[in-house]
Amino acid sequence: MGDKNFLLVMCLLASTLYVAIASSDGLVRVGLKKQRFDINSINAARIKGKDSMYAKGEGSTTHDSDDSTLNTVSLKNYLDVQYFGEIGIGSPPQKFTVIFDTGSSNLWIPSSHCYFSVACFFHSRYNSSKSSTYTEIGKPCKIHYSSGTILGFFSEDNIRVGDLVVKNQVFTEAIREGSAILSLASFDGILGLGFQDMSVGNVAPLCMMQQSLVVQKVFSFWFNKDPSASEGGEIVFGGVDQKHFKGKHTYVPVAQKGYWQIDLADFLIADHSTGFCTRNCTAIVDSGTSFIAGPTAAVTKINHAIGAKGFVSMECKKVAAQYGDLMWELLLSGLQPDKLCSNIGVCFNNGTRQLSNSIEMVVEQKRERHTEVGQDLLCTACELILAWIRTELMENKTKGRVIEYVNKLCDNLPNPTRELAVDCDKVPTMPPVSFIIGNKSFNLTPEQYILKVEQN
């Protein structure tokens with residue numbers, strides 16, 4: 001592993017993900033929703049990042065299948081970084097929306113016994129007393145994600161996925177969801193599709209193959225990136241939907257079982273090797289994560305090539321471009337500095353917010369308050385620029401030199417939100433990014449690897 005590991009995320013691509021696992025009397029197609037997004041929903045989508053070590057398991061690959069026997073479940077679809085579908089738990093089935101996640105191996109949903117987590121009250125909750133097929137287990141469990149921990153206990157019941165019913169499936173009833181992000185999530189829980197040895201409690205993922213529910217040991221994804229389409233995507237258990245691909249598939253062996261981990265020969269920017277995959281370069285294919293992630297050195301090189309900047313720097317330069325001249329003139333006219341940003345409509349504090357001449361203080365205040373992208377960030381940028389311009393005015397520098405200096409300072413601002421952004425107008429001129437997998441180059445255009453976020 002070392003620093004040569006990558007997380008390959010296919011959620012943003014109009015492509016199909018093929019990995020080997022379970023089986024069916026035909027194919028079961030589950031529609032996936034896409035939801036409109038802002039920064040909050042992006043953060044809500046990245047609750048994964050499982051802390052488990054890589055594990056061992058079994059898998060195999062098969063040929064493409066005829067889609068004439070596809071059993072489909074149609075769901076409403078909204079374009080987003082979250083792709084989720086509906087399952088049923090119990091008899092009669094209680095409905096839940098879940099992320100079908102190849103990056104983890106447990107199924108969990110909120111429990112009716114969840115009283116102390118706000119997230120549970122915003123989502124559907126499983127009530128075991130309403131199911132005739134429920135079996136009590138009660139053993140406590142803890143599932144760790146990068147943004148928090150799911151606390152709960154194991155239960156057993158029938159799970160309906162499409163037209164298939166997996167009997168006596170062990171899952172987790174969550175009684176505490178340790179992340180405020182989950183309150184904003186549009187899904188109720190997560191259905192893990194990784195290997196069993198990676199699961200908490202060594203619980204087997206969906207036992208479709210063991211119960212002879214599927215013929216082929218294959219599941220496949222199709223994620224739709226078209227914002228005008230009615231379908232968000234689908235997951236097929238037991239085969240591949242031939243309507244959603246062209247050409248032939250590229251099969252590669254699982255390099256290390258646990259996650260769906262594969263060898264990565266190289267990755268390129270503008271058709272030039274980055275040099276990071278000279279040896280032992282591996283990646284995981286993760287349907288539950290919405291971004292491409294990798295070592296800092298590699299990701300930084302991509303971000304430099306496409307001109308990505310921190311949100312703080314971007315907003316600072318935007319304020320400088322739109323209001324820099326006006327701020328200069330108003331300061332020269334004698335307007336009180338503590339009211340300037342509110343007077344020009346950037347801040348809405350009626351002059352009650354204390355202006356700080358210390359750039360470090362302002363940035364630290366924003367970090368402590370968990371900086372919000374939007375109006376608050378614009379206001380902070382305005383105050384920073386105001387402090388810089390005032391200082392330069394005292395040294396009798398010209399406006400042109402001051403605005404140029406302000407832009408340079410914007411470029412060097414720390415980025416407490418850790419979010420990066422690009423100018424959407426420059427997307428057509430950005431370079432392609434390519435991954436070499438199985439001796440084949442998989443190319444991403446800027447339109448595919450850039451996520452467009454709605455303002456505020």
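Glycine is no exception: its Cβ is also placed from the backbone N, Cα and C atoms.
The shown structure was predicted, so the numbers you read here are calculated from the model rather than taken from an experiment.
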Based on what TrEMBL records, which one of Cys120, Cys141 is disulphide-bonded to Cys114?
-> Cys120
Which candidate, Cys281, Cys316, does TrEMBL give as the disulfide partner of Cys277?
-> Cys281
DSSP residue counts for the domain 'Saposin B-type' (375-427), split into helix, strand and coil = 36 helix, 2 strand, 15 coil
Reported in the order helix, strand, coil, what are the DSSP residue counts of the domain 'Saposin B-type' (311-351)?
-> 30 helix, 0 strand, 11 coil
Of the recorded positions listed here (Asp101, Cys114, Cys120, Cys277), which is spatially closest to Asp286 (active site) when Cα positions are compared?
-> Asp101
Restricting the comparison to the recorded positions Asp101, Cys277, Cys281, which residue's C-alpha is spatially nearest the C-alpha of Cys120 (disulfide bond)?
-> Asp101
Across the domain 'Saposin B-type' (375-427), what does the pLDDT come to on average, as a whole number?
-> 82
